Amino acid sequence: MAPKPHLTPEERKELRALKKAEKKQKRQEKKKQLKRELLTREINYGAVTLKRQEKTWRQLLIGLKVPEMRKDLEFAWHHFERLVDCKDFAISLLLDELDKANGQYFLNMKTHSEHIDQLLQMFADQVQQLQQDYSNQAEELEKEHQFNADQLEAGSSEEENYLKTVLYILQLEMKEVKRTRHAEYFSKLEEQDSKQHQLVQRMKGILEQLHLQVWTDTVQFLQRHQNSIKERKKIHLEMKSEDDKLQLLIRNQLEHIRSSHNTIRSLKVKEAELEKFLGRHVADLQSEFDFFTFAFNSLKTKLTKDRRLDFQKLNCLTIHYNEVIAYMESLEAKGKHILHVGSVCRKLETVKEKILPFPANFVNEMSKPSVSEVSEYMEALELFWQRVGRADAARYGVNEEREFLITENEILKRRLHQYCQCLKCPDFQPFQTTSRPCRTITEGVLELKKYNKHGVCQTQFAKDESEPTSTLDSVSWNDASSPFKSVYAISLALSMKSDISQFQRYCEKAIGQLTAESLEAFKETKDDVARIQVMYPLAQQIPLDPGGCSKNFQEAEQLKSAGNRAFALKDYSEAIQSYNQAIICCPQQTIEDRQLLTILVSNRSACNFELGNIRKVLDDLDYIGEIGDYPSHLCYKLWLRKGKCYSALQNKKLAGEAFNEALKCLEQSGLTKEALQTKAHEIQRAQTGQAKLQAPKSQLELIAAFPEERFVGGEEFPAAHPKITVSQDSIQGRYAKAVGDIETGTILVEETAFGAVVDKEHALKNCQNCLASVELPIACPQCSEVIFCSTHCSRMAFKSFHGVECGMQRQLFQCGASVNCLLALRLISQKPLRFFLDKRSKLQDFMRDSCKKSAPYKKVYRSNDYDNVFFLCRNESLRKKEELVAYACMSIYLLRLLKQGFYFGESTAEAPTTNELFVGGLLLRHLQILQFNAHEISQLQNRSSGFEAACIGAGLYPTLALFNHSCDPSLVRYNVRNKIIARAIRPIKAEDIIYENYGPLYSAADLQQRLEELKKNYWFECMCQPCTQLWPTVRDMRENELRIPCRNDQCPYVFLVKGDDDPFLTCPYCENVTGLLPNLRGLMKLEEILPEAEHKLGAAHFEVALRKFAEALDVLFQFSSPPHPEIIKVQQRMRDCMVHFGNKAFDYKPHIMQ
């Protein structure tokens, strides 16, 4: 960290003033933001309250107006005679209208008869024309006749409806007249009414007779016309059947030509891909051959030089050896002579001389010391060893006392930790109650035992050897009066507690060692790179596993034996599981390792062969070919098995080639002559078809693993529907919006993940590259923590991320890292270091906290563009800097893993470089981004109660991350491998905001629970329609209550209708009258649609069922409004259909609970 410049007092005051002004401005901005949110909330709540008050106000006005209306009625009653005159006048007007209606009726009858005559004349002309050229105009004539018939029927039906309407109106009017004539003072009106009634009855009879006559004539005419049409239709059907046969023949030929063309085109594409791939493979092999040739030549030259030097050194050593041997022989002769002389002189020694040590190896042959010098030397040596023994005994006592004090200090610390529970306290290990090993034997101990002259020390050491117990063992832990018993029990319990992960404990320990100065320096940082630099020395204390190979040859052998036993018992599923586990843990470094691996894969293919899984057998045989090193004496078995598989798939050419190769490989099998003849006969029988394997029909055709539906995105957002755009404002940020009407079930988003990872639970169940469920795993050559679904995915993973991450998964899984940590690491490891260094100059300004620049605009928002990932929402303005301490520790741990995986090259420096700090800053930013933008990746798995969409990992989708939340979402998500697909779960109108769901749904969780969950996880208060309008959960809804929208499209009012309500409702806002009969009639269509949809869903016809449920949902939204239990049920059924188009476990079987 750079030293602070020296500031004058005036400059310090100005700096303090600026800081205070800046803090004051931030507080004011925060208060303004809170006020804006409060005002927005008040406006929304005010709108709801205003609606309620308006309704109350209208009811109040009605209550005030009723007395005035009563007065007006009393006034009208007093002037009843005037009303009677008005009624007479109205009756006279009705009679006039009746006369006009009679005239109009006769006029219509006349016009109708003229039309009939014209139609008959037209029909005669058309019949004459059809007779002249029927063969050329049969189809056109039929359409024209049908049109004429429809026109006649429509005309007659219209006249009939008109007459019925007139009669119905007359009846209503007469009923009204009858009611008025019941009074006594209307006697004259009753006489006139009776006359009028007789007149009307006569007119009604006449009209009914005329109408009946016209109806009978029309029916006879239509019958004659239909008979003639039937005769001509027979001739037409005969001609049509011949034409259909010709069209069917042509269609079949076109389909055959089209399929042949597609086959040729796919073969050409495959040929080009193979040429391209094999070309690259040959180039790679050639480069490897050149490299190994150069390495071999250089090694050969080096070995030649070393051999020459070794020969020269051997000559020198031989000469030196001969000289040493000659000198040793001379020394041997001299030694024998000295021993002979010494044995003779020993007889002449005195008693004092005999107790001296012999021989005195320090005596020089040229100058022998005197006896007095030897005695003085021995006395000094004796004094020296006495002092050494005393010092050693004192040192031993001091060490024992030190151990006792350390143990006592440890016990006190544990007692204090019981009360403080602080983060700075270290992780306490349990006491070692076992006896410690014997004291280290030093040089002084050996000499003391040799001389055996110091009894005190000898006794002490003897005690140490006989009772090698520590000082703690002298304390009685079982004694109730012991002061250490409770502390020891508590410390032992704490040491055995493991509720939190190991990585979290290490992080807490590192954070606990953070001083006040370091924390203040961390708060003053202005970008993520500086935060990594401040925390690196502390976070570096978190230990890393040095790694190493996690493969085990012996374990693979044991699992192979278990698989062989299961195969012998014909338990093929259990055998496949054992072989899979053995393949994962089998090493691949030596030829012996690879031979074992190929045998395991071969045994697995044999199990699938017995189960009839032909294509899986061929996949395993191809895998063996890529591994190589299969034992040559067993190769004939592979070719024989491959030939039988191709024969079952009706591919005679490849089957014949495989059988021929099997016959050739028999020569290397090492079998006896009789066994060779038996195997050759078996191969010939299989080749001639006598022992042919019958493959299921489902394996004779190539079926896509996932139903592909062609999706075409927009120009600006290729991963989204063309009718979707993204807008932005200060409150909602960026959000998706529809620019046109979108139908239910339409694919809204189809996006491939920028990065995707598998979680710990599914690391050995799903492919690490594409996340597909794996039944036959392809193992990593170096680690046993990941698997792949194919060799193609294995190669792609090694080229992108697994070359760096290989071996890291074990450390990450052991330390309990979350899936967001794995994904943050994957976003870096899948790109080379040069990719990020090239973007440093472009992105480093945006990594500062005070950056005011806006993100650069791009015409096309692509999912594989890292810039779009970099600028996703982090909510940095709502995050405190103290919260970034833990994120920084995680980022540094991931950075050190990258460094250990040689992502930055071979570097042994402990201090981070500039490039490493920059990547660490990106990791810290990724962790913040993924907190709010990562999506789970799921697959269907069988459960006893049906099925479950289980989470298998996580991915980052930059386009879908722009969609905002609603508790009533507009879409449903599902995954196809690592791709995500979102479909509309409701009809979307133009200008509607398209919402997804971040977790809580209004149908399942109440309002308070949803608000708390969203506030806790995503840091915002939900203002969606269910939350602001207080929609009930599904358990609080009633089946007999409907929400009917107002007939005025511009009016937002919705009627809450029960079974006994008036069928005509007046809107309190726009005062339009809405009838319930059209809505109820429209909802009756559900009685036909839903049973058929449920039947298709139960039969696992998900595409047909999805279309039916979408049709039902459109009806519900057209004639009613949410929330309603039926809408929720249909949407859930649509979700069940959609998720079956996505990922499934390899053993999943559809089971829909009705």
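A Cβ is built for glycine as well, from the same backbone N, Cα and C atoms used for every other residue.
Nobody curates TrEMBL annotations by hand; they come from automatic prediction.
Feature annotation from TrEMBL assigns coiled coil to 11-38.
When averaged over the repeat 'TPR' (556-589), pLDDT in the model lands at 93. Under the heading repeat 'TPR', TrEMBL lists 556-589.
The domain 'SET' annotation in TrEMBL covers 722-999.
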Q: Sort the residues of the repeat 'TPR' (556-589) into helix, strand and coil with DSSP and give the three counts.
A: 27 helix, 0 strand, 7 coil
Q: State the residues, same chain only, that lie 6 or more residues beyond the ends of the coiled coil (11-38) and have a CB under 8 A from a CB inside it; answer 'none' if no residue qualifies.
A: 731, 1021
(Q) So if I exclude everything within five residues of the ends of the repeat 'TPR' (556-589), which remaining residues of that chain have a CB under 8 angstroms from its CBs? That is, six or more out. (A) 549-550, 596-597, 599-601, 603-604, 606-608, 610-611, 627, 764, 776-777, 779, 781-782, 784, 787
